[in-house]
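> Structure provided below as C-alpha cells; questions to follow.
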Amino acid sequence: MGNGWHEWPLVIFTVLGQCVVGALIVSGIGWFAAKNDADRQRIVRGMFFLWLLMGVGFIASVMHLGSPLRAFNSLNRIGASGLSNEIAAGSIFFAVGGLWWLVAVIGKMPQALGKLWLLFSMALGVIFVWMMTCVYQIDTVPTWHNGYTTLAFFLTVLLSGPILAAAILRAARVTFNTTPFAIISVLALIACAGVIVLQGLSLASIHSSVQQASALVPDYASLQVWRVVLLCAGLGCWLCPLIRRREPHVAGLILGLILILGGEMIGRVLFYGLHMTVGMAIAG
C-alpha cells in the first residue's frame, strides 16, 4: 500500500486520537442530556473505552519516537515546533479528560464542576486535532501543505467519533437521539469523497525534479475506492436501523466502528505514502 505502511504507529495515533475527540464530544453531549445520575454514571463507565483507545494511540506514538525519553525531549520547543505543540496538546487533553473521567467514575465529581470540566476537555480535544494538522503543514512537502490535510483530519473526527459515542450511549441504555450525529457523519462522508476527488486531481500538478506526486502511490485510486466502501458499510451499520426507526444494536455499531476505522486507516496510510519534499526547509 505505497510507502505509508512504515508510518503505522502514526496512523494508529492520529486516527484513534481523532476518533476519541469526536466520541468525547458526542458522548459528552449525551452526558449533559442525561435525565438522572444513574444514566450519567453508566455513560461515564462506558467512556472508559475512550481513554483506553487514547492510551493505545499514545503507546503507538511512543513507538514511532523510539522511546519515552524522546517523547519528553520533543517537548523542548513548545510554541516553536509543531511536533512539540502536538504532543503537549495531546498530553494535556489526555490528562485533563482522563482525570475528569476518573473523578466522575468514582462519584466524587460535583455536577456543576463536572460540566465545566467536561466542556474544557472537549475544547482541548479540538485544539489537539488542530495541533495535529499543524505538524504536517510543511511548506517543503507540497502534498501535505494544503487545506486537504486539515479537512481530512477533522473529517475523521466526524466520521469515526459519533459512531463510537453511539455505541457507548447504546450500551449504557440511555435514551438519546443520535440521528442528528448520524446525519453529520453522512455529510462528512460526502465531504470526504469530495476531498478524495479534488486531492487526486491536484496530484498531477505537484512534482519535483525527481518525483511526481501521482506516482508515489500507484494504487491511490483503487485504495480510495476501498476506503469509501468501508466507510459506507460502516455508516450503514448505524443508519439502516435508524431508517427503519429501530435502535441500533451495540454489536452493529461496533462492527460499523471497525469498518470506519479501517477505512480511515487506509486513507491515513495513503496520506503518509504521499510524502515528498521540494526545496529545502530552513529552521527558524
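Heads up, the Cβ atoms here are built off N, Cα and C, so glycines get one too.
Swiss-Prot lists these features:
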TOPO_DOM  1-9  topological domain 'Periplasmic'
TOPO_DOM  31-45  topological domain 'Cytoplasmic'
TOPO_DOM  67-86  topological domain 'Periplasmic'
TOPO_DOM  108-115  topological domain 'Cytoplasmic'
TOPO_DOM  137-148  topological domain 'Periplasmic'
TOPO_DOM  170-180  topological domain 'Cytoplasmic'
TOPO_DOM  202-222  topological domain 'Periplasmic'
TOPO_DOM  244-250  topological domain 'Cytoplasmic'
TOPO_DOM  272-284  topological domain 'Periplasmic'
TRANSMEM  10-30  transmembrane segment
TRANSMEM  46-66  transmembrane segment
TRANSMEM  87-107  transmembrane segment
TRANSMEM  116-136  transmembrane segment
TRANSMEM  149-169  transmembrane segment
TRANSMEM  181-201  transmembrane segment
TRANSMEM  223-243  transmembrane segment
TRANSMEM  251-271  transmembrane segment
> What residues elsewhere in the chain lie close to the transmembrane segment (223-243), defined as a C-beta under 8 angstroms and at least 6 residues from its ends?
1, 159, 163, 166, 178-179, 182, 185-186, 189, 192-193, 196, 200, 217, 249, 252-253, 255-260, 262-264, 266-267, 270
> So which of 46-66, 149-169, 181-201 is most in touch with the transmembrane segment (10-30), counting Cβ pairs under 8 Å?
149-169
> Residues of the same chain, at least six outside the topological domain 'Periplasmic' (137-148), with any C-beta under 8 angstroms of its C-beta?
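For the topological domain 'Periplasmic' (137-148), the list is 82, 195, 198-199, 202-203, 206, 213, 216, 271, 274-281.
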> Can you give me the average pLDDT across the topological domain 'Periplasmic' (137-148), rounded to a whole number?
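Average per-residue pLDDT within the topological domain 'Periplasmic' (137-148): 91.
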> Residues of the same chain, at least six outside the transmembrane segment (149-169), with any C-beta under 8 angstroms of its C-beta?
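Same-chain contacts beyond the ends: 14-15, 18-27, 30, 43, 46-47, 49-50, 129, 132-133, 136-137, 176, 178, 181-182, 184-185, 187-189, 191-192, 195, 231, 234-235, 237-238, 248, 250, 253-254, 256-257, 260-261, 264, 267-268, 271.
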> What residues in the same chain, six or more past the boundaries of the topological domain 'Cytoplasmic' (244-250), come closer than 8 Å to it by Cβ-Cβ distance?
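Distant Cβ neighbours of the topological domain 'Cytoplasmic' (244-250) are 166-167, 170-171, 237-238.
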